[in-house]
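Peer 1: Just passing along the structure, written as structure tokens.
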């Protein structure tokens, strides 16, 4: 995803301070990626080995590795912070697109939830202190320390384009990234094992050999002769499992910010864009929520949100009850989801149609944050696609064709359609330039593109467009402003519509995030897929793919917030 | 992996013929990627479902899907070929880096092997024609047709940068790519099931429930009351399993070429580079094999190749014999591999050291072929990394510490080191410009880089480097030529060394490709990992990761051939 034809006006010769240009950037990147890949694979081996029964890797081994990694990463972060504080010219440029306020705010929020989770974990393991190894209590404490240090670091340094010790910084950033991904993996595996345990106890079938911890192992997790019997201990245990989703999101948020910092190491930005974001930053100065919408989007979204929440609670209560009501709960759950996904698909589609009439130029500038956003949206959707395709095959090839099968099929098909159309809408939105009603921004765009879009024929009457981008000041200010004026009158209702659409999709994504993140698993309550694939295979599919699906919702919310602010 | 700072002189305004520039390239790419991802996931679901016992997806379903996909892809290819033949101005530019002769030659070679495999398959299924569904005989015939059409298409069109029907072409290319990847997946799964079947029959343990076909299923594969008893049928069956590796490589070769074509859709190349490759093409006019080497590399490589082949044959004979000789065979196999990997690590390392004294400029030009090569080398190595890390954990955490454990550990560690250093060497080689002894090429490089590298201090005495690269003709020809003349005398022995190194590594990679591709599985003969992880988990790890490891060897061979020609 690189824009070949629009190198953009953002790069310029280095400032005299920044020292000689790096000879081969890819070489430094290569080394740090190799380091991260190797560390991550080692962690992955231990974590996945520890998740299976009968494998002689214990959770203490995993905790020891994670604790060591977090300590090393924290030390490197402290070194980085001290160095940049003492030597301010180490960071000559700051990337205005990196670390936007909602990402950093989310990071702090999830960081606080992770700290609470660490308190719960410490409390849980302290309840049977005498028969635990010390590492189990040390691990949450070190994690709390790491979260505090890392959150501070990302808050102050997320926009840095550092220009000293390039290779060391790249390796440090990649190591910290690998640490966050390892914590994420450990949390996902731990949650899946817990989920599989509670599912298999309700679904008591002797063939559940994989991912469902057997009694011996569950015993060994809490020591041989201790168990969690006191009320306080039970609360701690329940509590930290409910807080896992936040820890998972914290690690992923931190990872994306670290990746953008890594991409920005040694990057050169022209001084004209430095500080106020490529001329495209479009600072959200007038974020007066809902003022510029038709109210239809947020109201409809809120209704769906409240209804969804109610249905989720009823579903959870009914599924944990007797067998007969599970069927009823599933019908309700699927009906709501089908309605919600159908509406979202239509709304995304109409958003894309509105863009067909929109004459704002596409933003072709290089922007690591946006490229990453797009890659994450596309990549994370794969998890939900995979679950849906497996469901479709099971329903189509499976023998019993009843109401639940039909609902399941419709749900899976709409899930795919919704992900496709929402991704198309979000990605197109993120690539639009700022609204045409702001003529002071337009000269920063490539004048050639702006013109091409407004009047294709005019292109041929002009002399050939300059292939090498000219900096903002030198481009003729006349034609783009004229384009902006033409666009202004009719742009307003479209803009309102887009804001409505993004708010509606945002609220729907939040409710679709809450359901799986807090434990709704229709995949197992519904017997179609379990009977078709067998419990172990289906559990493996869902447990590997669902975390990506949950992350997709989370990430879509933050992207839609950006779309709302930018449109 | 995009070069921000060197947009390169390769892009220029469109020629008047090519029509107006595309408004938003990413949009078209997005659509085609979404199509490919969805088709591929559907195929993946059916193929993986078909590989497991107890799942009601039959191989006829998979065959039907693959046949349909191949027919559609073949139709699109015919449409494309007819259109470009009738309308030559649809392809105004050709990317000289795409589809080099060794890639196309390899494609034809593997294509021929695939055709032979299809003959064997048709023969095998015809042996019990009466009790087979027609699709099983139709499938190899359609595949043969598809291979012929696709090979012709890639031979003539691999370099095309097409400029009509952009979105349709992108979708067609992505669909053909998805078809090839689906064929690859089906072949890998089929081969793994076959391998697991022959392993589990030697390793007769009742707990082998996954990926090892149970007798009923093996029966159902060849119909209820027919079996492959005749000698001809047995030969056909054996034969087509030995030809699978070539089919796998064919699909991957075709996929990489299709991906490069997809990246080149709508690409604009300046007319100065059009036809003779960015000024950096370095046409291999003087490829007189071995003339420019010290002979040490090829001779040592050939010795290792012959010894390796002998050891592979002895290993295969001994492992299929009684139990006691398996131990001996494994010691021999691991010893050879450790020696070979150790030598390769040292040689790659010395190649990287030679580059530290090399003053050739790095090539920062955009080059989709090379970016893909690098990504594939890094990505395919992950498979072997994963196997090695799982082995290391099993040996370190496992209880029995004997000679075989130590050899296994050394083998796994050296495997990681060898992949890391070889990747660093190959990637650095691919990014070097052509040899300094060719002054007529040097003005094409960014003059700023060449100077920076030869004399860092001189940079500060010069006026600021031009941020936008100037085209070849306009750059001052004096200084770079001077640099080239300085480099010429001592460049020669370095160049010979590099050619020796690349030939040695090439031969070693071939022998390390042959061993696993033709059935050596020390992973299962050796009991350490099987005992530690359990058969089913370890079989899943090896069967998923090893195909990537085998592809890595293949791809390293083609990259090293390129390094040999270019250095």
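Think of each number as a place in line: the chain as shown, counted from 1.
Cβ from N, Cα, C; glycine included.
Bear in mind that TrEMBL entries carry predicted annotations, made automatically and left uncurated.
Bear in mind that the values here come from a model prediction, so they are computed numbers and not experimental data.
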Peer 1: Need the matching range: TrEMBL marks transmembrane segment on one of B:101-117, B:118-134, and I'd like to know which.
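Peer 2: That would be B:101-117, per the transmembrane segment entry in TrEMBL.
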Peer 1: Can you check which of B:214-236, B:375-397, B:398-420, B:421-443 TrEMBL lists as transmembrane segment?
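Peer 2: Range annotated as transmembrane segment by TrEMBL: B:375-397.
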Peer 1: According to TrEMBL, which listed range is region 'Disordered': B:153-174, B:175-196, B:197-218, B:241-262?
Peer 2: B:197-218
Peer 1: Is it the case that the transmembrane segment (B:532-552) and the transmembrane segment (B:137-156) touch, counting contact as three or more CB pairs under 8 Å in which the residues of each pair are 6 or more positions apart?
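Peer 2: No, the transmembrane segment (B:532-552) does not contact the transmembrane segment (B:137-156).
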Peer 1: Under 8 Å, at least three CB pairs between the transmembrane segment (B:62-81) and the transmembrane segment (B:294-315) (pairs 6 or more apart)?
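Peer 2: They are not in contact.
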Peer 1: Let me check one thing: do the transmembrane segment (B:294-315) and the transmembrane segment (B:30-50) come into contact, meaning three or more Cβ pairs under 8 Å with sequence separation of at least 6?
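Peer 2: When sequence-distant Cβ pairs are counted, the transmembrane segment (B:30-50) does not touch the transmembrane segment (B:294-315), since fewer than 3 lie under 8 Å.
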Peer 1: So which residues does the transmembrane segment (B:241-262) touch in its own chain, when a touch means Cβ under 8 Å and the partner is 6 or more beyond its ends?
Peer 2: 29, 32, 95, 98-99, 103-104, 106-107, 110-111, 113-114, 116-117, 120, 147, 150-151, 154, 157-158, 160, 170, 173-174, 176-177, 180-181, 183-184, 187-188, 190-191, 194, 368-369, 372, 376, 517-518, 547, 550-551, 554-555
Peer 1: Go through the chain and flag residues at least 6 beyond the ends of the transmembrane segment (B:30-50) whose CB is under 8 A from any CB in it; none is fine as an answer.
Peer 2: 57-59, 61-62, 65-66, 69, 167, 170-171, 173-175, 177-179, 181-182, 185-186, 189, 262
Peer 1: Against which stretches of its own chain does the transmembrane segment (B:335-355) lie, if we need a Cβ under 8 Å and a gap of at least six residues from its ends?
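Peer 2: Same-chain contacts beyond the ends: 300, 304, 307-308, 311, 407, 410-411, 414-415, 417-418, 421-422, 424-425, 428-429, 432, 494, 497-498, 501-502, 504-505, 508, 511-512.
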